[in-house]
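Working notes, structure below.
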Amino acid sequence: MPISDWPKADRPREKLIAHGSSKLSETELLAIFFRTGTRGRSAVDLARDTINHFGGLRPLLDASFEEFRQIPGLGEAKFTQLQAATELAKRYLQEKMQRSHNLTSPELTREYLSAHLRHYPYEVFAALFLDNQHRVIAYEELFRGTIDSASVHPREVVRRVLKHNAAAIIFAHNHPSGVAEPSLSDKEITETLRKALRLVDVRVLDHMIVGDGEVVSLAERGWI
């Protein structure tokens, strides 16, 4: 049955207007985004089938175009729209963390770093550069590949810190395996960087490990 034939209170758009987006399911939100379904399938049916196919919203948003187009009714237009919406969400989080905002929320920091790092199929080492009031100056992805003491260069990190005139820094990198548990190498890298940055009077506030649905803070573990 077309959504237009549903009771008005059950239609996703009308529900959103009446009750707000937080009251809708992921299927209903995706249906609004898709706008239309396919022959014999409403946009809600298409949204439900898509989420079930990928096993959740996160793998759907991380899917490649080739994976996305395997679903009947999904093609280039919907893929590019979804990628644009995902990027807008990342930039929204970045705007919330701009220089005018003090970095006082660990959850916002986790959310921001997860949005930027969790989708990479390889390891990426990044940093949030902060001023002396812990306001965000910049976010940079510094190193890619296997993250160990041979690939993370303290001299380059110090150079970037001095460029931004940062007073403090938060490191982060992802574990493509999805398991966010810090390794011995992660701890060693953190300590090496702490020693290097201490020479230029810059504090390392944290090193966060981004997994699949989880972000582990070394500071909260008492390792910084």
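Using N, Cα and C of the backbone, Cβ positions are placed for all residues, glycine too.
What Swiss-Prot says about this protein:
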type	residues	note
BINDING	HIS173, HIS175, ASP186	Zn(2+) binding site
DOMAIN	102-224	domain 'MPN'
MOTIF	173-186	motif 'JAMM motif'
* Pick out which of the binding-site residues HIS173, HIS175 has the most other Cβ atoms within 10 Å of its own Cβ. => HIS173
* Asked: So how many other Cβ atoms are close to ASP186 (Zn(2+) binding site), meaning within 10 Å of its Cβ?
  -> 20
* **Overall pLDDT of the motif 'JAMM motif' (173-186), taken as the mean** => 92
